[in-house]
């Protein structure tokens, strides 16, 4: 996931680049690179946005004092490497100790940046081992020498090592046994990794969306947001960009996913077949190919993202300091699609941003992108008639991707890009063969005799693009139809097998009554959270329902199989006296439990509670109904609390208008002595503590009434009795902006994964 958008404090409107635009016939093809100019491509991922660079510094205060080792640790391993940043690299030292992963940038590289970024540019990065989620093997410049590390806050970093060092780095990382590692424990081929993951079976059973599955395939196949030459690739989905209404029930609305994008037109398909059959290389080095360009390369990515920094600056540097001619830019989906279908030199597919990032379609910074030959000025991307706005386009484009027609055809496109039609005889028959240098293993740089020859080979890859690693050598299975999935879910006796949301079968919805043993005591219902954009009423995800009563009673109700595999609620039968917790003893007189000052972890094992008379933030075990940790920070009553979907970051709001940011840590503490030493109880071998506060945020004149946070987007939203909502950066504790609701008292809902705010 790319870092969120941020203000550009060193903003440039690139007026000089606009004034130098070449309005005559350009000798430089928009799809190719001039290799003599490659060395001048500046490190623009660092140079243009001070705020974006600041975001790269991780939220490092994340390991509690009792977990860290005493004193300065000697690294277990260190090596020189390069952090890959879009189209360039930053040299430094990669180091690992028992608790952290570190990268120390070389000072001379920072000084070499073409534009000063100020002292706020971080030279040192640090990530806790406990937050490492995935380790993926990567290629960089044709060499299998790189790793990409993914963390639980959905950030990821790409490192290229010297020859022979990558495997050592991987070995040291795995030897530390990161507790949250889900991918990368073994060094196996991408295809084997896909098989072991079970992702294909889950997609076929409709347990994963088309968008998510394509992103996972891209990740496993080596595609990365950190390297424009290996950017994730998505298919053209639609063929209708002229109708007033988008009809997703009409097959004619969609592009034919069984064919490569360069062979959608029958006339063009005949041409590329003829070129392939007639091609002969006198040297015998170049194999036959259908297309001299590629469906994914850096130039194609910049074509789509030219309206957003740092891609605007990267485009300008690629074009030798000026914007490309207006007629060659991304003007509209209609013209681009027709150029690909009817033209002869363009076969680029789409990128995932065009299914989730409406800002990419808007020229918000007002860049001078030039005028077309008809005099029309290029500004925002021209949208189809059926799209009312960029946001509406993204919503409908995403709906088209998830439509039943695409679901039943998408496996054919996967065969072309990641599967058995990527290479060999099947690729020839499918008109899907590209220039030989784009394929993994086609070039062995170790056999190059001079450095100039190495640079030339690397330049060819940058020009033509890189084909993803092949994941499948046999046809990809088709996805289960929606009707078939519903029938299977009804017949299944295993609650874990089903995947359909309950709302897909409205005829079988049922209301449940949860009996309360003590009358006239309100219930605070706290359903387990399953992450953003996912209903908690989804089979296989919800195991139980936790209720907290205003008298401090905690009940745990379970879901069991009912008739036809539909879930039934099984109420908690624990005696009322044993359901009582010690929460009431801690509450400030006159204060009550509510949804605002209580939040649950995703697995419903721990509750985060505010409102205590000692002003401490409490962690309570749902199983034992006892307070297991108490964190001091506020000077007055805590009025509300909130946990992020990843159960890593939490926030607490106070009646004095302040907000504090904390980190939640969970680890095994089987020894009762260790748990006692930490001042907490042992919760079945699992301990839970709060570290912080890392930030104390101010900006409200009234008590905090609601909080919500989205760590993936680095956003914390606060609401207060002064009728204002403030946005802050979680990692840096920076104030971003205020939303004024005047006399209203806004109620907040969770921030969506796309950054949508709902009041």
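Backbone N, Cα and C define each Cβ position, glycine as well.
Keep in mind that TrEMBL annotations are predicted by a computer and have not been checked by a curator.
If you look up TrEMBL, you'll see 70-174 marked as domain 'BEACH-type PH'.
Among the features that TrEMBL reports, domain 'BEACH' is placed at 188-479.
Residues or ranges marked as region 'Disordered' in TrEMBL: 1-23 (among others).
According to TrEMBL, the region 'Disordered' annotation covers 468-487 (among others). Outside the region 'Disordered' (468-487) by six or more residues, the chain places 189-191, 194, 200, 203-206, 217-218, 220-223, 230, 233, 404, 407-408, 410-412, 414-415, 417-420, 422-423, 440, 499-500, 504-505 with a CB less than 8 A from a CB of the stretch.
Annotated repeat 'WD' per TrEMBL: 631-672 (among others), in sequence order.
Taken from TrEMBL, the feature repeat 'WD' covers 697-738 (among others).
The predicted model assigns the domain 'BEACH-type PH' (70-174) a mean pLDDT of 82. In terms of DSSP helix, strand and coil, the region 'Disordered' (468-487) has 6 helix, 0 strand, 14 coil.
Helix, strand and coil residue tallies for the domain 'BEACH-type PH' (70-174), in that order: 17 helix, 54 strand, 34 coil [DSSP]. Sorting the repeat 'WD' (697-738) by DSSP state (H, G, I as helix; E, B as strand; all else coil) yields 3 helix, 23 strand, 16 coil. Under DSSP, the residues of the repeat 'WD' (631-672) split into helix, strand and coil as follows: 1 helix, 23 strand, 18 coil.
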